[in-house]
Amino acid sequence: MSDSIDRQAGQASPKGGGLKLHHINDHGATSKNAVSLQSQRVASLPVRQKWYQWFSPSDTPEERRLILKLDALIMIFVFLAYWAKVLDQSATSAAYVSGMKEDLKLFGNELNYLNTTYMVGFITLQIPLTLLMTRFSASYFIPAADLIWGILTLAQYRVTNVQQLYVIRFFIGAAGSLFFPAVQWYLGCWYKRSELSRRGALFFIASQVGSMSSGYIQSGAYASLNLKHGIEGWRWLYIICFSCTIPVAVLGFLTLPGQPDKPKSYFLTPRQVQVAQERMAAENREPRRPLTFSVVKSVLVGWHFWILVSFAFFFSQADGVSSNSGLALWLKEEGYSVEAINTITTVSPAVTIVSSIICGILSDAYDAKVSLIAATAGLNIFASIILAIWNVPTGLKFFAFFLSGTANGIAAVIYAWANEICASNAEERAIVISSMNTIGNAFGAWLPLFVWKTVDAPRYLIGYTWTIALDVCMLVMLFVLRAFWNREKTNLKA
């Protein structure tokens, strides 16, 4: 940490509830002019905790109490909400093979069309809704979107034809589109750069827990509830998902503490709000400002947007080995039982969970973002080379499939880095983070149809070769990103 770190104090601005920031010298005197956060972005460097520590050595006792309270208010909700979302997302595929196909006479490509209508709503509205969220209180906006998602999920149990399902799936996609970027943005409103990766990792692994548990929950619900009260088992799946989602949404309304420049929590004292504002001022996080065309234009002409979004494209597509069904189809071809396949395929998300936690801890403790991303890309290249060769010992093939689970382990690190790079502009953070997620989903909706063709399964030679190329490009973009970021930090210090 710098020997001389400017302290910043925050007080509520009488106009718009914004955080008015003043420079305070070592004697406590307030300067007449507010400090420009853009010019001070890199003035203060955090004292990073050891990998086994939850707090930084520089955190005061009241900061530590605040951090624990924020973890309880924010992290519990976002973890449960993400878990419930994954459960809901998988319900349609589970319902399809549990009787919906026959009941609604879905004997063509209707399942693909259902996924497409969902993605259309998701992709087209993700960026606008995320930006709209920044104009209001995210602590209401995020759970409200979850509430709508839950109600629409329940509505699916009443459908009598696929046309109704198409409409509902579109609006479900729209309601769920802002969740991931909104949470990443929201974490950046409360946590320091040395705290973000671990929280992002805890948030992200909820999706892996959801994918591991959804099959067991859905199969159990179908087995025990099919035709109970005259309702088919596949319809019960949507009722169960609704029952999981709504209480979590209500929890979000109760616990999310607003933003530091506009707090609303009953659980934070005025002093804790002040401490939170001071922490974000030291991190050079500017409060929100009016969203105008000039603000959007300034984001779109800057390097932050183009390089981060390009980098996110390569990252989002490079997880194809673990996100496609190569392992399951290979096991089926080898004659493994259904039970064995279901068990073995849970190893990959387990690897993702472990790698996410490790990357989050090391990123926060040592600011090792570049090293972690490069190492993960290297592991994924190694795994993809083995699978592209294919004719290797069975144990090595298992190792490669499982190793590919590390590909998504750096998600929290990447989004924490985006939060840090765009720290001084709340609107830029929202645009960049939502665009990073949108680009991945937009290409992920159609690109696998050409790269991961079912007829190539389980070898997927094109897919594994494509993954190698993506990881190489990601490595190139990584060092481009680092060069631009280092240059910007140097210029701001000058």
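Glycine is no exception: its Cβ is also placed from the backbone N, Cα and C atoms.
According to TrEMBL, the domain 'Major facilitator superfamily (MFS) profile' annotation covers 74-488.
As annotated by TrEMBL, region 'Disordered' applies to 1-23.
The transmembrane segment annotation in TrEMBL covers 113-133 (among others).
Beyond its flanks by at least six residues, the transmembrane segment (140-159) meets 77, 81, 84-85, 88, 91-92, 95, 104, 129, 132-133, 165, 168, 171-172, 175-176, 178-179, 182-183, 186, 231, 235-239, 241-242, 245-246, 248-253, 256 of its own chain at Cβ-Cβ distances under 8 Å. The annotation transmembrane segment is assigned in TrEMBL to 140-159 (among others).
Residues or ranges marked as transmembrane segment in TrEMBL: 165-188 (among others).
Residues or ranges marked as transmembrane segment in TrEMBL: 200-217 (among others). A Cβ distance under 8 Å defines the sequence-distant neighbours of the transmembrane segment (200-217), meaning residues of its chain 6+ beyond its ends; these are 75, 78-87, 90, 94, 183-184, 187, 240, 342, 346, 349-350, 352-353, 356-357, 359-361, 408, 411-413, 415-416.
Here the transmembrane segment (237-256) has long-range neighbours at 72-74, 76-77, 80-81, 84-85, 87-88, 91, 94-95, 98, 138-140, 142-144, 146-147, 149-151, 153-154, 156-157, 186, 217-218, 221-222, 225, 231, 265, 267, meaning same-chain residues at least 6 beyond its ends whose C-beta is under 8 angstroms from one of its own. Under the heading transmembrane segment, TrEMBL lists 237-256 (among others).
The transmembrane segment annotation in TrEMBL covers 295-315 (among others). Non-local neighbours of the transmembrane segment (295-315) in the same chain are 289, 410-411, 414, 418, 421-422, 425, 427-428, 431-432, 435-437, 439-440, 443, 470-471, 473-474, 477-478, 480-481, 484; each lies 6+ residues outside the stretch with a CB under 8 Å from one of its CB atoms.
Annotation source TrEMBL lists transmembrane segment at 340-363 (among others).
Feature annotation from TrEMBL assigns transmembrane segment to 370-392 (among others). Taking Cβ pairs closer than 8 Å, the transmembrane segment (370-392) reaches residues 318-319, 321, 326, 355, 359, 362-363, 399-401, 403-404, 406-407, 409-410, 413-414, 459-461, 464-465, 467-468, 471-472, 474-475, 478-479, 482 in its own chain, all 6 or more past its ends.
As annotated by TrEMBL, transmembrane segment applies to 398-418 (among others).
Non-local neighbours of the transmembrane segment (430-452) in the same chain are 116, 119, 122-123, 126-127, 130-131, 133-134, 178, 180-182, 184-185, 296, 299, 304-305, 308-309, 311-313, 315-317, 320, 324, 414-415, 418-419, 422, 460, 462-463, 466; each lies 6+ residues outside the stretch with a CB under 8 Å from one of its CB atoms. According to TrEMBL, the transmembrane segment annotation covers 430-452 (among others).
Look at TrEMBL and you will find 464-485 (among others) tagged as transmembrane segment.
Between the transmembrane segment (398-418) and the stretches 113-133, 165-188, 340-363, 464-485, it is 340-363 that has the most C-beta pairs under 8 angstroms.
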